[in-house]
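Working notes, beginning with the structure itself.
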């Protein structure tokens with residue numbers, strides 16, 4: 001079997017950032033898949049499943065309610081490797097286009113207070129697997145160290 005494109009990416013050189021993972025054409029429209037990479041693969045500890053799950057709930061809720069983008073949001077979900085998230089949007093985008101949106105999203109997570117949306121047993125398949133304090137910590141770290149100081153190497157995959 002052929003290696004799929006995401007397994008051909010040089011994870012040894014990959015930094016934290018926002019990357020265009022792929023673009024698909026569905027019904028005449030482009031769907032852009034972003035790699036929202038919060039941890040350097042194989043070089044730093046991965047995100048814990050509880051905080052990543054909380055980030056998923058908060059980011060998905062925020063984005064699907066965003067006044068400008070809610071109709072363009074397709075999906076937000078965690079990577080199996082626990083180093084970040086995949087984010088799919090209708091439209092032909094580059095990473096720089098969504099940097100302000102990601103800054104807003106991670107500020108929302110960092111500043112969130114109260115009950116995390118969708119964490120009741122009827123709403124979630126694993127409602128006990130959440131950690132809001134750590135989600136807020138990871139959101140702040142990603143904002144401060146990556147999103148608020150992003151350079152080209154945080155926005156384009158290494159060659």
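For all residues, glycine too, the Cβ spot is worked out from N, Cα and C.
Look at Swiss-Prot and you will find 53, 57, 124 tagged as Fe cation binding site, backed by sequence analysis.
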Residue 124 (Fe cation binding site): tally of other CB atoms within 10 A of its CB: 16
Environment of 53, 57, 124, the listed Fe cation site - residues of the same chain whose CB lies within 8 A of the CB centroid: 54, 56, 116, 118, 119, 126, 127, 129, 130
Residues satisfying Cβ distance under 8 Å from residue 53 (Fe cation binding site), sequence separation of at least 6: 78, 126, 129, 130, 131
Residue 57 (Fe cation binding site), number of other Cβ atoms within 10 Å: 21
